[in-house]
Amino acid sequence: MSTVVLLACTGLGLGALYFLVASGLSLVFGLMDVLNFAHGALLSVGAYAAWWAATDGHLGFWLAVAFGTVVGTAASVLLELVLIRPLYARPRDQILATVGVGLALPALLMGIWGSDARPFPQPAALSGTVDLLGATVPVNRFVLVAAALAVLLLLRLFLARTRYGLIVRAGVEDRAMVTALGIDVRRAFTLVFAIGGAAASLGGALAGLYFGSVNPSQGTGLLVFAFVVVVMGGTGSVTGAAVASVGVGLVQQFANYAAVPGLGAAGLGDLSVVVLLAVLLLVKPRGLTGRLA
Amino acid sequence: MTAPLKRWWPLALLLALTAAPYSALPLPGLLDGPLGSPGSLQLIALCLLYGGLATGYDLLLGRTGLLSFGHALYFATGLYATDLAMLDLDLDLVPAAVFGTACSTVLALALGSVSLRVTGIGFSMVTLAFAQAGAILVQRNPGGRTGGEEGRSAPAQHLPDALVGIQNTANLYWIALAYLVLTLAVVHWTTSSPTGRVWAGIRENERRVEVLGLRPYGFKLLAFTVSGTLAGAGGVVHLLLTGGATPQAAGSDATLALLVMVVLGGSGTRWGPLLGGVLYTWAAHRLGDLANSATVADLPPVLRVPLSQPLFLLGTLFVAVVYLLPGGLAKLPARLRAGRAPAAAAPATALPEGAA
């Protein structure tokens, strides 16, 4: 029982991390048709900025996380304004440009801080464990889940209650119609990119807490699973992304625990996620929420 | 350029490339040794191999309009299946190569039939997920078969004597050249066949192909399988050239490298992917040398850090090409000829609809 609880909490923590990456990815893709390959790099930027602020900058943990989020958001807005915006007439080139950034940014981080993982300073309040139903669960799992829930709530409030949220929702449905109604959808693009970058870099800073260290390829590794989540949840759907993240995180953790001998420790979890994706696509080609992929 | 030269230059180039191992022409700056030396031949052979791989990948990207992020999987399947067939099944090179290529074909057929159920960018993400699963499988070393991080080297006893040893680099070079010619021929032949016309139709407007009463699914699956088979054959050549299978071949960076090559050279053109593959491979090797050179080590950190990261330079170069050279290097002469009206070359469609 205690093992199940621990696995479930760890899976939820991982799912929360996936959600932080995938929510922005899904919104950006749903609204702009841009598959942002630099999203993982934005996560790494957030993670390294938070790490730098916490070690060299001697900031407290929460201030460091805030700093990482701000830096990641700024990088995201810069990316949209400088690279994505001039390429609106060429959607495929937008994707290719983000591929280039996704290659270059982690390489730059590697050049500056080396390819080895850097230990992320853990605040004393969050490095302990709590007893839950007989299991000893690290506190940082709950921090991630709380952050993901807060982001989900804020995103839903933003989408449902604000004028820009309305424009974003309408843009996901039919961008041409929103433009035809005389609304400048480009400002919504920048806004959505900023939101996505903020969520991803917050995820990056908290990933340092979850994994205990930061390394340049962390973001790209998480990005692949975020893609899986986006496909499963249906593009443009924040709630679908949340459900799919939880599913992917739990399946991965439980499959890892049940790893068959011979395949190594962590292989089965990653493979089972891909098998889950294949099965879902065969049964429901349009994702969980039934939107057009 | 005179008319016969225009028509026959590929043949002349092929003859020149075939004769390259007999030449001692020094190419300072481009190559370390003279043209016919084993080191130079090895590098040129790799360039030709990647030229062929990029040409095969463009069958999907430029000819059918399918943006696959999992091409490395089929390349790595050909590579590992051939190696393991020799090591564990005790096959000789030729049956092992046939087996390895067949594995790529079957895998491309199976995974293609699943991933093509989603269209547009969803397809890209699904292919990426499959390729990632393959990369993880190779890394985890199931049952000690793939050798994990270190990979496994090809067994010398199953290779013909003419392909072993540094004095036989020329033979490997000719194999890489033959692979390139084969890929170019297959791509040229298939794209000018009726099926190739349907591929071009799918690339331009899939909905209209459906309206004409054709089912794009089967045609796309065929393109995916042919392209996967070519990648598998490329894996066999890679195994011979580098003497072993390493997990880098399966990683997502390998697919992204192919994508960079195709876009750099010019997607959807006959010679563009070849040009891009050759240039990228050559640049990656020379940039690696540059990164380790003393000139770079003495620079101030602001310059040293970016220059010591080949991936940073290639990523930046890629963004620059996407930005400044739409259509890649293959379109450069036409753009230069068009002179001062580059804006007219850009597609005029503003805010196109998302693919349904």
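Including glycine, each Cβ sits where the backbone N, Cα and C put it.
What TrEMBL says about this one:
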type	residues	note
TRANSMEM	A:12-30	transmembrane segment
TRANSMEM	A:37-54	transmembrane segment
TRANSMEM	A:60-83	transmembrane segment
TRANSMEM	A:95-113	transmembrane segment
TRANSMEM	A:142-159	transmembrane segment
TRANSMEM	A:188-211	transmembrane segment
TRANSMEM	A:223-251	transmembrane segment
TRANSMEM	A:263-283	transmembrane segment
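At the 8 Å Cβ threshold, with sequence separation of at least 6, the transmembrane segment (A:37-54) comes into contact with the transmembrane segment (A:95-113) through 3 or more pairs. Within the same chain, the transmembrane segment (A:223-251) stays apart from the transmembrane segment (A:60-83): fewer than three Cβ pairs sit under 8 Å, each pair at least 6 residues apart. A:60-83 is the stretch from A:12-30, A:60-83, A:95-113, A:142-159 with the greatest number of Cβ pairs below 8 Å to the transmembrane segment (A:188-211). Long-range neighbours of the transmembrane segment (A:142-159) within the same chain, counting only residues 6 or more positions beyond its ends whose Cβ lies under 8 Å from a Cβ of the stretch, are 9, 12-13, 15-17, 19-20, 23, 27, 126, 130, 165, 168-169, 195, 199, 202, 206, 209-210, 238-239, 242, 245.
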